[in-house]
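Engineer: For reference, the structure I am asking about is given below.
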Amino acid sequence: MLRGQEERKYSIRKYSIGVVSVLAATMFVVSSHEAQASEKTPTNAAVQKETLNQPGEQGNAITSHQMQSGKQLDDMHKENGKSGTVTEGKDTLQLSKYQSTQNSKTIRTQNDNQVKQDSERQGSKQSHQNNATNNTERQNDQVQNTHHAERNGSQSTTSQSNDVDKSQPSIPAQKVLPNHDKAAPTSTTPPSNDKTAPKSTKAQDATTDKHPNQQDTHQPAHQIIDAKQDDTVRQSEQKPQVGDLSKHIDGQNSPEKPTDKNTDNKQLIKDALQAPKTRSTTNAAADAKKVRPLKANQVQPLNKYPVVFVHGFLGLVGDNAPALYPNYWGGNKFKVIEELRKQGYNVHQASVSAFGSNYDRAVELYYYIKGGRVDYGAAHAAKYGHERYGKTYKGIMPNWEPGKKVHLVGHSMGGQTIRLMEEFLRNGNKEEIAYHKAHGGEISPLFTGGHNNMVASITTLATPHNGSQAADKFGNTEAVRKIMFALNRFMGNKYSNIDLGLTQWGFKQLPNESYIDYIKRVSKSKIWTSDDNAAYDLTLDGSAKLNNMTSMNPNITYTTYTGVSSHTGPLGYENPDLGTFFLMDTTSRIIGHDAREEWRKNDGVVPVISSLHPSNQPFVNVTNDEPATRRGIWQVKPIIQGWDHVDFIGVDFLDFKRKGAELANFYTGIINDLLRVEATESKGTQLKAS
């Protein structure tokens with residue numbers, strides 16, 4: 001029996017030794033594989049960190065699999081590290097084989113994932129190297145362009161390109177150049193909301209090499225719309241409307257934001273001039289217009305057509321302004337004419353009557369541009385009782401004729417004056433034509449009609465297209481009219497060099513005339529009871545007559561800008577905002593208490609509903625992020641919140657909230673729109689020629 005027990009112990013010992021040997025061999029194999037895997041595979045912490053950069057579900061799947069594999073390996077080590085826990089050798093051997101198989105699968109999976117990650121990192125590294133090479137080539141091109149510009153006397157500067165948005169230095173003076181490369185149609189995306197920068201492509205690099213003098217600035221390129229395509233797209237967006245003025249008042253926000261008081265205003269103005277605001281086009285496809293800096297020896301202005309700014313009621317400009325009278329266009333905040341000329345733009349400020357009617361002002365505007373002695377017309381002079389001829393203008397464009405156009409920008413009453421002059425150019429003056437046929441003599445070319453294609457665009461700023469209650473209830477009252485005419489009478493003395501614009505009515509003392517005789521003569525003038533003056537033309541009835549006299553020109557781009565500086569009080573009436581020009585407090589309250597609610601919101605002098613567009617003419621709402629290039633329809637820009645009537649021209653020296661940088665942005669934005677009008681016209685001419 002003892003011998004049997006010894007044989008049994010010997011068999012168990014022999015079997016145990018065999019099992020231990022198998023386990024030792026298995027652990028050796030597993031350890032060798034694990035060592036190899038550790039050389040090729042990062043640790044669990046490294047894997048998890050690497051996985052954070054994996055996009056989407058792929059990274060999550062890799063992380064989960066790696067963590068599961070690591071857990072299995074840890075479990076295996078725990079199982080192998082325990083001694084005396086194996087009760088049955090057969091089961092232990094099977095478990096070891098199973099774990100070995102699972103570990104082999106896990107290691108293969110890890111190796112496959114590692115190879116895939118290495119491949120992706122290699123591709124990403126190659127992509128970065130390609131981008132770096134392209135950026136280096138572009139920087140070299142920019143350096144070459146800079147040296148080339150310096151050799152030609154150019155003073156423009158360059159800066160390094162950004163790898164994300166490819167921003168390049170802004171150009172103070174820009175000129176639209178044609179580019180015949182066609183582009184595919186794109187969707188409308190306002191640049192102010194587009195935070196995604198396009199990636200550089202070989203096609204873009206090729207374009208840069210093809211035009212080494214053209215710089216791709218941070219501004220959106222000028223984009224031109226095919227005429228047929230533009231009409232189709234815009235008609236589907238919004239059909240022209242007539243008369244429904246209340247739709248403009250609500251839901252339109254201010255494009256301007258108050259400027260930080262701590263910011264250097266001069267630097268802001270400089271930045272605004274160097275980087276004028278540009279707006280993307282609707283259905284923007286078509287030939288992108290590049291910009292080129294103005295060279296030091298370049299005389300050609302940036303704009304093809306001269307821009308003429310026309311002042312409003314009480315406006316005095318240039319040499320005709322008294323010493324203490326503020327600079328009409330921009331005040332001391334931003335001198336519009338001076339600054340735009342510095343940038344290379346051909347701009348002018350017209351000087352017309354400050355108190356005269358829209359009729360007289362329109363005639364004077366014509367001769368300001370064309371040159372010559374003002375001819376108000378024989379019929380008009382006989383009808384109202386003032387002189388037929390007025391002052392003589394030198395003219396800024398003596399060769400002004402069909403095909404040679406101008407851009408017209410009018411503030412307040414200036415917008416009405418512009419519209420009437422264009423109507424006379426195109427359709428003539430029926431009264432003057434009839435009078436000329438009946439009496440013979442001379443007739444001004446302005447009144448004969450047939451002079452189309454002489455105006456490219458009409459832009460109005462705070463213009464009372466439909467009149468103002470302030471004129472009805474205040475400005476055109478007998479008491480106020482007497483004060484205005486008395487002022488003209490006083491300024492007409494022989495020692496005064498200021499012309500308020502009523503000399504055709506006799507408001508100018510003759511050289512050999514005493515002041516007493518001059519007063520007696522002027523007191524007999526018909527102007528005291530006439531409607532041929534600004535006070536009447538700004539009323540609701542006077543403006544309605546003008547609207548009936550004028551029509552839309554299908555070849556002209558019309559744009560309006562409107563401000564609002566009033567708020568609704570507890571009783572539902574409009575009160576002037578804090579900061580509104582103090583001289584407009586009374587007129588703002590007169591308008592704000594009108595019986596018609598839709599006529600109450602105002603800018604201090606003009607109701608919002610009147611400034612949007614003439615009530616009897618078609619209009620379309622446009623955003624600040626699209627160019628105003630449509631023709632034959634009023635394009636109504638969003639209402640500018642917080643801007644009163646004189647904020648458009650910056651003459652309120654007490655308003656520290658409105659700074660010159662705002663005016664710089666505003667007027668450079670207008671100029672950019674006018675350049676787009678010219679570019680669109682050039683594109684249309686090319687299409688017709690082809």
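Note that Cβ sites are derived from N, Cα and C of the backbone, with glycine treated the same way.
From Swiss-Prot, here are the annotated features:
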- 1-37: signal peptide (SIGNAL)
- 53-266: region 'Disordered' (REGION)
- 53-71: compositional bias 'Polar residues' (COMPBIAS)
- 72-81: compositional bias 'Basic and acidic residues' (COMPBIAS)
- 93-114: compositional bias 'Polar residues' (COMPBIAS)
- 124-171: compositional bias 'Polar residues' (COMPBIAS)
- 185-206: compositional bias 'Polar residues' (COMPBIAS)
- 225-237: compositional bias 'Basic and acidic residues' (COMPBIAS)
- 257-266: compositional bias 'Basic and acidic residues' (COMPBIAS)
- SER412: active site, nucleophile (ACT_SITE)
- GLY579, ASP644, ASP647, ASP652, ASP655: Ca(2+) binding site (BINDING)
- ASP603: active site, charge relay system (ACT_SITE)
- HIS645: active site, charge relay system (ACT_SITE)
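On this model, are these features tucked inside or out on the surface, and what's nearby?
Structural biologist: Annotation for SER412 (active site, nucleophile): spatial neighbours HIS311, GLY312, PHE313, GLY315, LEU461, ALA462, THR463, PRO464, VAL605, VAL606, HIS645, criterion Cβ-Cβ under 8 Å with sequence separation of six or more.
Counting every protein chain shown, the Cβ of ASP647 (Ca(2+) binding site) has 28 other Cβ atoms within 10 Å.
ASP603 (active site, charge relay system) carries neither a helix nor a strand DSSP state and counts as coil. A C-beta separation below 8 Å, combined with a sequence spacing of at least six in one chain, links ASP603 (active site, charge relay system) to ALA462, THR562, GLY563, VAL564, SER565, SER566, SER611, TRP643, ASP644, HIS645.
HIS645 (active site, charge relay system) falls within neither a helix nor a strand when secondary structure is assigned with DSSP, and so counts as coil.
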Engineer: Between ASP644, ASP652, ASP655, which of the binding-site residues has the fewest other CB atoms within 10 angstroms in the structure shown?
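Structural biologist: Sparsest of the binding-site residues ASP644, ASP652, ASP655 by Cβ contacts within 10 Å: ASP655.
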Engineer: Enumerate the residues of the same chain, GLY579, ASP644, ASP647, ASP652, ASP655 excluded, that satisfy the criterion Cβ within 8 A of the mean position of the Cβ atoms of the recorded Ca(2+) site; list them in sequence order.
Structural biologist: SER565, THR580, PHE581, TRP643, VAL646, LEU654, LYS657, ARG658
Engineer: If you count CB neighbours within 10 Å, which one among the recorded positions GLY579, HIS645 has the smallest count?
Structural biologist: GLY579
